[in-house]
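Chemist: Annotations per TrEMBL:
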{"type": "DOMAIN", "residues": "38-458", "note": "domain 'Major facilitator superfamily (MFS) profile'"}
{"type": "REGION", "residues": "1-29", "note": "region 'Disordered'"}
{"type": "REGION", "residues": "236-256", "note": "region 'Disordered'"}
{"type": "TRANSMEM", "residues": "38-60", "note": "transmembrane segment"}
{"type": "TRANSMEM", "residues": "72-93", "note": "transmembrane segment"}
{"type": "TRANSMEM", "residues": "105-131", "note": "transmembrane segment"}
{"type": "TRANSMEM", "residues": "161-183", "note": "transmembrane segment"}
{"type": "TRANSMEM", "residues": "189-211", "note": "transmembrane segment"}
{"type": "TRANSMEM", "residues": "279-298", "note": "transmembrane segment"}
{"type": "TRANSMEM", "residues": "318-340", "note": "transmembrane segment"}
{"type": "TRANSMEM", "residues": "347-373", "note": "transmembrane segment"}
{"type": "TRANSMEM", "residues": "434-452", "note": "transmembrane segment"}
Amino acid sequence: LQPPRPPHSAVFQVSPSEPRTGTEVGPPGPGDVRARRFLLSLYLVGFLDLFGVSMVVPLLSLHVKSLGASPAVAGIVGSSYGILQLFSSTLVGCWSDVVGRRSSLLLCILLSALGYLLLGMATNVFLFALARVPVGIFKHTLSISRALLSDLVAEKERPLVLGQFNTASGVGFILGPMVGGYLTELDGGFYLTALICFSVFLLNAGLVWLFPWSEAKLSGTKNGLRLGRKPVLPGETDYEVPEAAPTPGASESKETARWPWEEVTWALRDMRSLIFSEMWDIFLVRLLMAVAVMLYYSNFVLALEERFGVRPKTTGYLISYSSALGTLAGFALGPILRLYKHNSHEVLLHSSVLTCTLLLLYSTAHTMGVVVLSSSFLSFSTSIGRTCITDLQLTMGGAQASGTLIGMGQSVTAVGRIITPLLSGVAQEVSPCGPPILGAALALVAIFIMSLNKSRAGGGRSGKLKCE
């Protein structure tokens, strides 16, 4: 017999032996210091993660070709990562909601480290492709870290904290290629780079293991988990949901042992109905804006060479400059949110309008000065937009399903990565400016959708996936 389905409030129940998704440190004072230390530790995890990855990723295409892969095989191997991410992002995110952030974060880091170790040991194309499998399935360190951050802070603080986390990660993404480029000039440079990446991931796992989890307690508040907001009630366990209304069979289902994959299945069923009924516009906007920006970058190097005769090396400097500006956008997010009274939907709408305008400006540019100007502001607007769309997902879906929601967002982005090369190729048949023009058109559609749903998003903090 199948065990009775638990009430919705018990879907994300976990064992009391391990904190699940949140951290709550006692009253203000020393607790605030511990809270800040926890957040800074998570920022360091994000920095190390992208630092290690960005050392290796720019070298992958060259290395697989050096192993004897044809361009077609290299393309298939390269796309395998995106396909695996497409199917694993939501599952791993939901799994982290069920089994806990600590264990899921540790396992993902360690299995990703194994993938990069195998990558460094690969001596043929088959082993190279095999090494990409554990990374494609379990490389969700940043998603789980963002879910944990959303558990830790109040709703108004969430966009700012996520922006700071993105800034820390972005710094790692800027520094990593510089180190990887230097190491690859040495004998056996790729293998050395992969080994160092493996070591960075092991360091990250050690850091997560040393987090002050013992100071963390889970609160089952309806609005999610808060850091340093109120003292934990005596005797309150990690899996209690005080606000949940008692339902027939609830106590029986709590006593019934359930396998994690059963809870994941129940959670995904609940999420499917919510996504297709109330959150479809948020995920559609995420897909449209992601494809719009990826179309802009898809032929950036080639377009500048054809339109202005700019060498790829100079274009690389421009991309690094833009990435640095996008990283700094995290520091401006706080004042921007205060100016908009913490209305993430309004910020997202205006940043999307700016992105659309800049894509059109870049497409019609006749001088490199206009290109540099549009590229500068575009990196800023897209960075702000990514943070706001994640915050909207968590606001509409609920903090206690943050892992599933962020994983679903990553799956949507993975779909964009799959379809963008096809759209870019067709658009380039028309003009070198075709991809950014198409991107501007998609951004315009996203703006139209957001405008139609403005009233619902502004007041519809439904939190349907929260424990109610």
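Numbers run from 1 along the shown chain.
From the backbone N, Cα and C atoms, a Cβ is placed for every residue, glycine too.
Keep in mind that what you see is a predicted model, and the values were worked out from it rather than measured.
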Chemist: So which of 105-131, 161-183, 189-211, 279-298, 318-340 has the most C-beta pairs under 8 Å when paired with the transmembrane segment (434-452)?
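Modeler: Comparing 105-131, 161-183, 189-211, 279-298, 318-340 against the transmembrane segment (434-452), the winner is 279-298.
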Chemist: Against which stretches of its own chain does the transmembrane segment (161-183) lie, if we need a Cβ under 8 Å and a gap of at least six residues from its ends?
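Modeler: Same-chain contacts beyond the flanks: 39, 42-44, 46-56, 58-59, 142, 145-146, 149-150, 152-153, 189, 192-193, 196, 320, 323-324, 326-331, 333-334, 383-384, 386-387, 390-391.
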Chemist: Which one of these stretches, 189-211, 279-298, 318-340, 347-373, has the most C-beta pairs shorter than 8 Å to the transmembrane segment (38-60)?
Modeler: 189-211
Chemist: Between the transmembrane segment (279-298) and the transmembrane segment (347-373), are there at least three Cβ pairs closer than 8 Å, leaving out pairs fewer than 6 positions apart?
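Modeler: Per Cβ check, the transmembrane segment (279-298) touches the transmembrane segment (347-373).
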